[in-house]
Amino acid sequence: MAAARVPLWAICVRRVALATVYFQEEFLDGERWRNRWVHSTNDSQFGHFRLSSGNFYGHKEKDKGLQTTQNSRFYAISARFKPFSNKGKTLIIQYTVKHEQKMDCGGGYIKLFPADVDQKNLNGKSQYYIMFGPDICGFDIKTVHVILHFKNQYHANKKSIRCKVDSFTHLYTLVLRPDLTYEVKIDGQSIESGSIEYDWQLTSLKKMEKASAEAEGWDQAAKDKSQDWEKHFLDASASKPSDWKGELDGDWQAAMLQKPPYQDGLKPEGIDKDVWLHQKMKNSYLTEYDLSEFENIGAVGLELWQVRSGTIFDNFLITDDEEYAENFGKATWGETKGPEKEMDAIQAKEEVKKAQEEDEDDMLMGRFRGRENSFKGFHRRNEF
């Protein structure tokens with residue numbers, strides 16, 4: 001007896017009890033998405049988004065997402081959710097992106113923002129916690145960005161992670177784990193993983209300079225002759241004679257000896273002092289707030305530039321459960337990726353057929369025009 005198949009949606013429902021889903025967006029309620037997503041008005045020239053499944057798709061409704069609509073524009077849009085901290089938890093960021101226009105230069109990445117981000121004024125200078133996703137420009141840049149904000153600086157992964165460059169929908173997943181390991185997946189397949197400390201070159205941030213520090217006056221010039229440099233110095237070995245009488249002889253002073261051989265411009269002997277090297281100590285800040293932990297995550301958004309528009313963003317997910325993310329990816333992108341390619345193949349065949357028919361028509365017209373010219377030539381020759 002064959003085992004009964006459990007639908008993917010049922011698996012996802014079961015996982016909800018175990019997973020914390022901070023944000024999930026599939027754009028299945030038509031134009032109501034506008035109540036959740038906020039266009040930035042920071043610049044009147046920002047491009048606009050529309051809800052679309054594109055020219056080819058696996059499912060007309062399920063594949064609808066935010067599509068860029070204007071060429072050579074910056075775009076800025078975001079959605080809020082209940083703020084949370086990923087301290088001590090796994091953080092998964094996942095979404096699909098489709099460069100239907102065959103991207104030549106532009107971003108396809110997303111950003112996670114602090115809860116206090118100003119959505120109406122979102123722009124390229126707005127602070128973000130994480131930037132993740134594909135970026136394409138010409139032949140040189142075809143990369144997956146993974147940028148983390150730490151200690152008021154942005155740190156990029158030092159590894160080169162190649163993105164997909166075709167016009168189909170692809171599933172991008174970033175996993176940040178509390179043991180300071182990470183994983184990047186495309187279409188459910190792991191393409192890069194490793195240590196957050198080493199792959200972001202953050203090991204130096206695990207230690208900080210000790211505040212106590214250099215000897216007093218260390219940074220003052222100590223080599224050159226001082227202004228009070230004298231030719232003579234007191235004889236420290238001299239002692240007052242036993243028959244010295246202060247009442248008659250006055251106050252006794254040690255004899256002054258000449259510094260041999262003194263010349264103007266002579267530099268006194270001393271110890272060369274290099275730059276003071278601070279001792280290194282463990283950065284106590286990191287014990288409370290680690291390299292991939294963010295205290296107040298509260299918004300997700302698209303802030304990017306595109307030369308040629310047409311990209312579609314869909315199936316956004318932010319959660320703490322890797323299995324839930326995997327099942328969600330299968331239930332969304334996994335269900336429509338095949339039909340999408342089938343529709344594209346059908347359209348391609350139709351385009352080829354149409355082009356062939358047009359070529360045949362052109363050839364027939366060309367033959368007729370050729371005969372017409374020959375007839376005219378014949379008549380002209382007859383005239384002679």
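Cβ from N, Cα, C; glycine included.
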One of Asp135, Asp314 listed by Swiss-Prot as binding alpha-D-glucoside at the site of Tyr109, Lys111, Tyr128, Glu303: Asp135
Selected from Cys12, Cys105: Swiss-Prot disulphide partner of Cys137: Cys105
Among ranges 245-248, 257-260, 381-384, whichever one Swiss-Prot labels motif 'Prevents secretion from ER': 381-384
Binding-site residues compared (Asp135, Glu303) - highest count of Cβ atoms within 10 Å: Glu303
Other same-chain residues whose Cβ falls within 8 Å of the Cβ centroid of Tyr109, Lys111, Tyr128, Asp135, Glu303, the recorded alpha-D-glucoside site, in sequence order: Gly107, Ile110, Met131, Phe132, Gly133, His145, Ile147, Gly301, Leu302, Leu304
Long-range Cβ environment of Lys111 (alpha-D-glucoside binding site), under 8 Å and at least 6 residues apart: Tyr128, Tyr129, Ile130, Met131, Phe132, Val300, Gly301, Leu302, Glu303
Listed binding-site residues (Tyr109, Tyr128), ranked by Cβ neighbours within 10 Å, top entry: Tyr109
Around the Cβ of Cys105 (disulfide bond), the count of other Cβ atoms that are within 10 Å: 14
